[in-house]
Structures are given as structure tokens and as C-alpha cells.
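A.B. asks: Starting off with a structure, shown below.
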Amino acid sequence: MKEPFLSALPIIEEIENAGFEAYFVGGSVRDYLLGKKIHDVDIATSAKPAELKTIFPKTVDVGIAHGTIIVIRQGQGFEVTTYRTEAEYKDYRRPESVSFVRHLEEDLKRRDFTMNAIAMDKTGSIVDPFEGQHALKNKVIATVGSADERFQEDALRLMRAIRFVSQLGFRLEMETEKAIEANAHLLLHISVERIMAEMAKMLEGPYKTEAFKILLRSGLYKYLPSLFNKREDILAALDYRISPLNENQIWLLFLYLSQTTSTDRELKKWKLPTKKIKALTRALDYLKLRLLHEWTAYELFKAGRETGVLVETVYETIQHRPVGSAAQRIYGHFDKLVIKARDQLAVTGNDLLVWAGEPGGPWVKELLEEIIKAVLNGDIPNDKQEIRRWVKACGLL
Ligand SMILES: Nc1ccn([C@@H]2O[C@H](COP(=O)(O)OP(=O)(O)OP(=O)(O)O)[C@@H](O)[C@H]2O)c(=O)n1
Ligand SMILES: [Mg+2]
């Protein structure tokens, strides 16, 4: 067995030594069987949280009502969850509390998709009562048992199904897709934060074009917080071009396509971090300029490298051109800028004050800006005396 399972093995062994069962479950087993990179291992056990606490001296309660604790071993944390069932799902969300059960199969039965309902013991043997391996082999996403029931237990699974399409390129089994359509409205019961977390993963997936198609076809898009939710026309027009774009690039493309006049409000509805909202709003302004003309040295300097790449990539997408060389082009442009940061300018605000012999004020910042523009545009070299001469000659001082 390999990492990261290897370092979690002692946890399973200690639980077994205490007379209980424990298995690797969920995404780690799925990704392992797919030969993909494994993020975090989840362990499911027949031991209840209180019993786990007698086995392990160091634990952290993270979701004890859901039966999840973190076991700390040699400074590393492992999520261990007691077998549980769907007895008390309410309001189409994860339940407030759960009923614990003693059999693995009962636990696997209430998981979302067959590919996520596979368990693996400490020797690497697979327990797969719902034919999850078959689904992996056939690249199919299918719910465990009744699709309506699974989506009604936790409507976030509607989004999860589609984000797995985006990440894995699998297709949805027919009943599962029909149930997404029939239950789409239940997404309204799910918090924006949880929807956003799935959306972020969806936007990073290599098969996002397909995911968007299903979002549209199933009608699920109508129940998203904003931006993607009203524009059937835009969603229908998205094609292979969006597949190389990352999350930020897609938000920017969408802001542009939607022609929204209230970027801030639309993005706030998704509860995006304020910093990200600001960055996207700023990028949208540069994108509008870029659509009018080629970057000027001053604009690129003001935008900065990262925003420059973001804007240029989306610009190329809008122009129906491949985005492959956008970043390199911006880096090349940026490298040629006479100054790349304000502190590289040969004069400071203080110099201006001394030259003018006048008290400070907004004029200092304004004049510095004029100088920066002139230096970047190549009107004057970045040299203190030359700048002084230029400022005087222009009558700016
Ligand atoms: N709404 C949900 C969320 C999770 N699960 C179950 O809990 C496991 C772990 O959940 P999570 O870590 O959220 O997702 P993963 O499938 O592990 O995907 P990822 O690789 O993105 O973590 C899933 O595999 C699935 O068995 C579920 O049944 N229903
Ligand atoms: Mg996981």
C-alpha cells in the first residue's frame, strides 16, 4: 500500500485491535482505483465517537453530531467517521444529527454515487456492494439506489454529480440525470457556500464544457445564486473554448458576457471573497480597454502581470482564438516595461516637493502619475535630471 494510505494504516489497525471495523472510504478509494492523485483519506468505522476517544489519546471534534472526529497521530490528522445512516435527513440538507449503525454496507448505502460507495480494508481488499468499480470502469456516475432519494437527502449532490462530470469526464447514468432535472429546485435549500465550493471545483475541471451542458440541460443552472442562473443563451453558446480557462478566467468571461452593470452585486451573491470580487471588477475594466485597443505600457503597468494574463486570456477567448500564448505574450510585454513598479521611478514625491518649494497636496500624486506615464510611453528616460527638465518644459512645475 502507498501513501497517503500508508500513514493512515496504524489508525485502522488500532481500531481493529480494539474490536471494531475500519475501512478507507469515499473519494480516496475512488481516486486510488482511478490511478489519480489522492487528496485526503477518509476512514469509516463501526466504533462510535466516544469509543474512538478511548482508543486514541489525541482527537479533535469536528462534526461529532455527524460522527466525525479527527484523530491526531504523529502530528498528522485523520478524519474518522462512524458508520451512519440517512435516518434523519431534513430540509434536503445534511441532517442535524445522524443515526449510527454497526454495518459497513448500511453506511455505504446512504452515500451519493456508486463510485463513492467503495470501501478498502487495510490489506487493499475492496468492498463494493453497489458495483462502484463497474461504474468507474464504464465511466458512469450513478446514484446508490434511488436517485430521487439520494438527491432529496442532500440536494448538494445535484451539484456534486455535475462537478464530478467536470473533473472526471464521466457521463451521468440516465436515471441519475433525470432525477437531477426533477429535483433541481431543491438546490434552493442549500447554502451558497456549499454550492460555491462545488462550483469552484467544477470550474477547474478539464471537462467543464460538458458540465456546463448538463447544468443547462437539466435546468439546474436556474437555481444557482447568480450570473450563471438566468442566461440560458450564454450557457448554450459556451463551447470547447472554455475548457482551458481556470476559475477566475471563467468568472471574468461570464461577467463580460452577461453585460452586468453590477459586478459587485452579482459576485456577492456567490459569496466570493471581497478581495476576489475587487480583483475581478478591476480585471473587467482592463478587459473593456483591451477590447478597444492593444495594451499600452502604462495600462499594463497599472494592471500588473497577473491581471494582465487574466485579461489577455479571456480576451483571446472572446476573439475565438487559442489562449495558449496569452501568458507568454504578457510576460514578454511586461519584461520590456521601463519600470515595473513605482519604486523604480527615478524621482519620488519628495523630489517634486523640493523642486516646487510648495506644500504637498493631491498635485504630487497627479504629477507622479504623469511622469510614470511619460516614462513608460518612452517620452522621457527614467533619469532624475531628464525628468526635472521635462516637468519644467511642460510647465507642470
Ligand atoms: N453530499 C455528500 C457528500 C459526501 N458523500 C460521501 O462522503 C464521501 C466524502 O465526501 P467528500 O470528501 O466531500 O467528497 P469526495 O467524494 O471525497 O470528493 P473529493 O475528492 O472532492 O474530496 C463521498 O465520497 C461520498 O461517499 C455523500 O454521500 N454525499
Ligand atoms: Mg474527500
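Glycine is treated like the rest: Cβ placed from N, Cα and C.
The domain 'Poly A polymerase head' annotation in TrEMBL covers 22-141. Per TrEMBL, ATP binding site is recorded for Gly27, Arg30, Arg111, Asp154, Arg157, Arg160, Arg163. Feature annotation from TrEMBL assigns CTP binding site to Gly27, Arg30, Arg111, Asp154, Arg157, Arg160, Arg163. Taken from TrEMBL, the feature Mg(2+) binding site applies to Asp40, Asp42. TrEMBL lists 169-227 with the feature domain 'tRNA nucleotidyltransferase/poly(A) polymerase RNA and SrmB- binding'. The domain 'CCA-adding enzyme C-terminal' feature in TrEMBL is assigned to 246-391.
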A.B. asks: Check the binding-site residues Gly27, Arg30, Arg157 for any whose Cβ is under 6 angstroms from an atom of ligand 2, and report them in sequence order.
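C.D. replies: With ligand 2 as the reference and 6 Å as the Cβ limit, the list reads Gly27.
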A.B. asks: Would you mind checking how many other C-beta atoms are within 10 angstroms of the C-beta on Asp40 (Mg(2+) binding site)?
C.D. replies: 12
A.B. asks: Round to a whole number and give the Cα-to-Cα distance in Å for the pair Gly27 (ATP binding site) and Asp40 (Mg(2+) binding site).
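C.D. replies: Checking the Cα atoms of Gly27 (ATP binding site) and Asp40 (Mg(2+) binding site) gives a distance of 8 Å.
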A.B. asks: Please list residues from the chain of Asp42 (Mg(2+) binding site) whose Cβ is under 8 angstroms from its Cβ, counting only those at least six apart in sequence.
C.D. replies: Phe24, Val25, Gly26, Gly27, Ser28, Glu79, Thr81
A.B. asks: Suppose we screen the binding-site residues Gly27, Asp40, Arg163 by Cβ distance to ligand 1 with a cut-off under 6 Å; which survive, in sequence order?
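C.D. replies: From Gly27, Asp40, Arg163, counting a Cβ under 6 Å from ligand 1 as near, the near ones are Gly27.
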A.B. asks: Using only the Cα atoms of Gly27, Arg30, Arg111, Asp154, Arg157, Arg160, Arg163, which the record gives as binding ATP, return the largest interatomic distance in Å, rounded to a whole number.
C.D. replies: 20
A.B. asks: Using DSSP with the three-state reduction, classify Arg163 (ATP binding site) as helix, strand or coil.
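C.D. replies: DSSP assigns Arg163 (ATP binding site) to helix.
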A.B. asks: If you count other C-beta atoms within 10 angstroms, which of the binding-site residues Arg30, Arg111, Arg157, Arg160, Arg163 is the most crowded?
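C.D. replies: Answer by Cβ density within 10 Å: Arg157.
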A.B. asks: For a quick check of packing: other C-beta atoms within 10 Å of the C-beta of Asp154 (ATP binding site), how many?
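C.D. replies: Other Cβ atoms found within 10 Å: 21.
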A.B. asks: For the C-alpha pair, I'd like the distance in angstrom between Arg157 (ATP binding site) and Asp40 (Mg(2+) binding site), rounded off.
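C.D. replies: The Cα atom of Arg157 (ATP binding site) is 20 Å away from the Cα atom of Asp40 (Mg(2+) binding site).
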A.B. asks: Over the span of the domain 'CCA-adding enzyme C-terminal' (246-391), count residues by DSSP class, listing helix, strand and coil in order.
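C.D. replies: When I sort the residues of the domain 'CCA-adding enzyme C-terminal' (246-391) into the three classes, I find 103 helix, 0 strand, 43 coil.
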A.B. asks: Give me the CA-CA distance between Arg163 (ATP binding site) and Asp40 (Mg(2+) binding site), in Å, as a whole number.
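C.D. replies: Checking the Cα atoms of Arg163 (ATP binding site) and Asp40 (Mg(2+) binding site) gives a distance of 18 Å.
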A.B. asks: What's the CA-CA gap between Arg160 (ATP binding site) and Asp40 (Mg(2+) binding site) in angstrom, rounded?
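C.D. replies: If we compare the Cα positions of Arg160 (ATP binding site) and Asp40 (Mg(2+) binding site), the gap is 17 Å.
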A.B. asks: Just give the helix, strand and coil counts over the domain 'Poly A polymerase head' (22-141), going by DSSP.
C.D. replies: 33 helix, 39 strand, 48 coil
